[in-house]
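TrEMBL annotations:
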type: ACT_SITE; residues: 173; note: active site, proton acceptor
type: BINDING; residues: 8-13, 33, 38, 63, 77-78, 93, 99, 116-118, 141; note: NAD(+) binding site
type: BINDING; residues: 80, 86, 118, 119, 120, 121, 146, 147, 148, 149, 227; note: substrate binding site
type: DOMAIN; residues: 3-140; note: domain 'Lactate/malate dehydrogenase N-terminal'
type: MOD_RES; residues: 218; note: phosphotyrosine
Ligand code: NAD
């Protein structure tokens with residue numbers, strides 16, 4: 001049995017549950033949210049699809065259901081209020097996270113945490129500290145969504161299946177993230193080799209795409225209030241890698257222990273994921289400019305982490 005508890009059933013959480021259904025992931029999916037009616041409605045609605053995807057136990061859960069869960073996925077969070085600074089929001093979401101994690105732990109949970117709530121890197125680090133779990137068991141969605149967005153955008157530009165576009169965005173899931181062009185490849189060709197064979201495209205156009213990706217969330221939120229399908233699919237992919245013991249390489253938020261010259265910070269890096277969670281972190285040798293960007297991202301996150309820890313510990 002693969003038991004998943006989803007905490008937070010808003011746009012992201014409910015889209016994730018739908019992705020689990022559609023992809024046949026998890027045999028037992030419990031949903032928790034402050035809004036019990038929305039959970040009850042979604043549970044019924046999702047259950048109505050089972051005739052077409054096969055059996056699964058989907059239910060309104062409570063925290064006692066976290067006992068023996070394989071995965072607890074946290075997507076609960078508050079949205080920014082008018083006149084609220086980003087830092088106020090961080091502190092408010094850290095408080096929500098603390099109450100959730102304490103309830104999960106009080107029920108003997110010993111599986112893997114997957115965090116999506118923002119700021120995801122800071123909250124992943126916070127959950128690690130709150131639980132005392134080893135770093136392999138606390139994973140943030142990190143730059144999995146950003147990397148997917150860039151791969152899709154580059155794939156669309158070059159008319160290549162995005163699954164064959166291997167370019168990763170690393171660093172903060174936020175403004176200091178950066179694409180690692182130096183290791184990007186399409187069908188085994190380095191990006192520079194690809195561009196040399198396709199002179200109708202330029203490096204500048206790729207840089208524009210990565211800037212557009214960085215701002216994609218703002219653009220989508222402007223259109224419809226939240227982004228949720230992309231992250232739901234990214235979370236489902238991470239879930240699959242873990243539950244199916246895949247040893248898949250994905251860019252997620254992980255706790256550095258000397259990689260990129262840094263310790264005790266959670267940040268988007270490639271990592272090998274399997275049933276144990278993070279099997280190992282892959283440290284990508286960065287060029288000079290990329291390394292500067294990574295160090296800037298690390299420092300930004302460390303500053304934010306410290307503010308959360310000062311307040312809450
Ligand atoms: P939303 O407002 O639609 O949903 C949030 C849900 O959390 C609500 O249903 C609310 O009732 C619930 N909630 C709040 N406090 C709770 C608590 N203490 N216990 C249980 N449930 C609680 O928001 P959303 O659009 O679903 O976004 C959720 C989070 O995901 C936000 O922090 C958002 O920034 C983040 N997000 C992350 C990524 C990523 O790439 N990591 C992408 C998109 C959104």
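Heads up, the Cβ atoms here are built off N, Cα and C, so glycines get one too.
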Please work out the helix, strand and coil residue numbers for the domain 'Lactate/malate dehydrogenase N-terminal' (3-140) from the DSSP assignment. 69 helix, 25 strand, 44 coil
Among the binding-site residues 120, 148, whose Cβ has the fewest other Cβ atoms within 10 Å? 148
Among the binding-site residues listed here (8, 11, 33, 77, 99), which has the Cα closest to the Cα of residue 120 (substrate binding site)? 77
If you draw a 10 Å sphere around the Cβ of residue 118 (NAD(+) binding site), how many other Cβ atoms fall inside it, taking every protein chain shown into account? 24
Recorded positions whose CB lies under 6 angstroms from ligand 1, from 33, 120, 146, 218: 33, 120
Can you tell which of the binding-site residues 8, 77, 118 lies nearest to residue 146 (substrate binding site) in space, using Cα positions? 118
Of the recorded positions 173, 218, 227, the one whose Cα sits nearest to the Cα of residue 11 (NAD(+) binding site) is 227
In whole Å, how far is residue 77 (NAD(+) binding site) from residue 227 (substrate binding site) when you measure between their Cα atoms? 13
Can you tell me which of the recorded positions 8, 33, 77, 218 is spatially closest to residue 148 (substrate binding site)? Compare CA atoms only. 218
Do you know offhand how many angstrom separate the residue listed as 'phosphotyrosine' and residue 173 (active site, proton acceptor) by C-alpha? 13
